[in-house]
Amino acid sequence: MANSSLLRVVLVALLLLGSVTVSAGDGRGTPIAFQAEVSKMLDILVNSLYTNRAVFLRELISNGSDALDKIRVLYLTSPKEPLTKDGEAPTMDLRISFDKEKSELILRDGGVGMTKEELAKHLGSLGTSGTKHFLEKLQEGVGAVGGDQNNLIGQFGVGFYSVFLVGDRVRVASKSDDSDEQYVWESKGDGQYFLYPDPRGNTLGRGTEITIELKPDAEQFLSAETIKKTIHQYSEFINFPIYVQEEVEVASTAATPESAAEERSLDEGAVEEDPDKEGDTQGVVKEKRWTLVNENRPIWTRPIGNVTEEEYHKFYKAFSGDYRDPLYFNHFKVEGEVDFDSILFVPTTVDPASFSDDNAVPNTNIKLYVRRVFITDEFRDLLPRYLNFVKGIVDSNDLPLNVSREVLQESRILRVIKKKLVRKTLSMFADIAAQDEAIANGKQVENPAPSGHTHLKKPAYTKFWELYGKHLRLGVMLDSNNRNRLTKLFRYKSSRSESEYISLQTYVDRMKKGQKGIYYLSGDSVARIKKSPVLEDAVNHDVEVIFMTDAIDEYVVSQLTDFAGKKLINLAKEGVQFEESDARQRVVDRKRKEKYDSFFTHLRALFGYSEVRKVILTKRMTNEAFIVSSSENQITARLASIMRGQSMSLANQQLTAERVLEVNYRHPLVDEMFKRFTVDEDDEVATDIAWVLYDTANLQAEFPVADVAAYSKRINRLLRSSVDLSADDSLLPPDDAEYTVSDTETEEEEEQPKVDTNAHEEAETDGEGDL
């Protein structure tokens, strides 16, 4: 906001102080002085608006494009054919050349040009916009041409002065159709300028030529490669061709008059002879050649439906640097509160950086343009973090060109664009999911025209979900406004669909009559979830269960409590019951609880009151004796395990979920324990069985086992007991005496080098893979 406030103060001051005083002179080189305050304001303005010096080129190219747009519009109603003094016609393009000996960078356009008065008005007074006045003329009916005026890039009077970031001296030669003479505006940015007829005469025919005498620390801009790189970054999609003059080495050949004429042409690839060129001993000479830089046209400005899929793919590769085709794309135009064009792409591979949780790192995948001029790609939230894998461009006519990124960040217009972008992005995903489902169901997918969307020829949403499902689930936690849209995009495997993903809506559509909610179970893999004892109960009741296999799912369900009016129910939590009890059954359940109360109190005391929150009779239809579940309103064992693994803090390392022990009274081992308990509470066998069943149930539920060594010893005791071995039975004595070894075998063994048998076997095993 500081830059925004400064800009307003500066512009107001310029309006008050922007008058100029013309010194006496003959009008051909007499300096024209700004007031001292204006000179100071110029310095503040340049240094506060522009932190990257390379933007001067963006500004000058934008101005040149603006001038070309103006003449194109004017010539629609009043065409003219101006010529230079040498009889050459100006071209509808921008050209950049160099004079390395003089450290000069030269930019030339064939645009509308300026008269002497316009040079003084637009360049001799800060804050004046030539484009603004041009639009005023159009609105007054001078050369009205409909919507074309919206293509003009504005605020010439401010952007031009960024040239003094790199230039010690600037000369602007300009020729307008409204003037017979070509004039030069010249300044060092020191509070004064010169305005005089160009002594070279009419060298332009029409247009403007800017010659920048570069500062010593800005001579990198004498490099064609640097200029081309800057053009690609900022001005790739300007409407008019941009040529850069380069020196190339070519074989020395005798030129014919015809070839010489071709070299003098201004078409792309035309060559200008360097009068100082010298051939080497190999017959090679250096020539200057015009190279077209902005070959990629702004396809987003074309009508949606008139761009082929191949063109979208080619454009994506050009602007993103990715050699692969995108997975999806969406080309759309938004009109209303804010107007903008956009094309969004989904890459076919995941960038690991997209999982970074560093909010300070900007997302550079979305490039912001204003009237086809690149402004920035360093927004932290043009798309939210969970959509930072999406690449694309946004081009708006409603944003100002010459403001800082910081000011844009606070722009109301930009906030509207952000909201629209998120909705359009999620809409793209939903469209692809719908196409994918239609294909899977054998339906014909229609591609409405005009489209601009990816048209699927085969199912592709599964790949998208496997690549970016984690990002969408993150969105549920970060973006409550779009939570419902996001959950419709979720896909999971289930107990009825182990090989294919289904949506939550598909699950709801095929729920059993009277089913309470959406049942799910999380785990490291489908294979592990299938072995869960709590899944057995659901399968026995013919209830479908969603399989959640990503760690982030545990966090998601803490935010996503329901879908389509159906509650999400975790099978790993206590109290899961698929059948309602009638009155008689409730009485039976109450009496059964009374029967086992003292036994359950004993078990809780045995395992520890601090570890087991309560012991209950399970209502699950299962073959397991014990099931350890999580308390209904607390975190699950899996989430606690994930949090311990993700955090280095002592508190989280000790984090555990509350345990509820569910006991299956119908299991034979439980029945045996109960009988022994009624006789002797301290029965050793019953105690060992209880501990082994409890620790095993903990492992199945992903709860940690407190004492693994004790667990191992109890299993050992139970195994001994099962084969009638006493706990006191010790190891057998060595059986060496059973083996007969002759003296000869001993002598032969002594003669052999000592070999590590185990190492030898490992080496043989390692070598098997090479056969």
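Keep in mind that glycine also has a Cβ here, set from the backbone N, Cα and C atoms.
It should be emphasised that the depicted structure is a prediction, and the values quoted were computed from it without experimental measurement.
Residues D109, F160 are recorded by Swiss-Prot as ATP binders, and the candidate that the same record lists for that site, out of N63, N202, is N63. Of the listed segments 136-139, 168-171, 216-219, 768-771, Swiss-Prot assigns motif 'Prevents secretion from ER' to 768-771. Across the structure, N306 (N-linked glycosylation site) and D109 (ATP binding site) are spaced 30 Å apart at their Cα atoms. Per-site Cβ counts within 10 Å over the glycosylation sites N63, N306 peak at N63. According to its DSSP assignment, D109 (ATP binding site) is in a strand.
Across the residues the record lists as binding ATP (N63, D109, F160), the two Cα atoms farthest apart are 14 Å from each other. Every protein chain shown contributes to the tally, and the Cβ of F160 (ATP binding site) ends up with 22 other Cβ atoms within 10 Å. In sequence order, G64, S65, A67, L68, D93, L94, R95, G207, T208, F240 constitute the residues six or more apart from D109 (ATP binding site) in its chain with CB-CB distances below 8 Å. Reported as a whole number, the C-alpha separation between N63 (N-linked glycosylation site) and F160 (ATP binding site) equals 8 Å.
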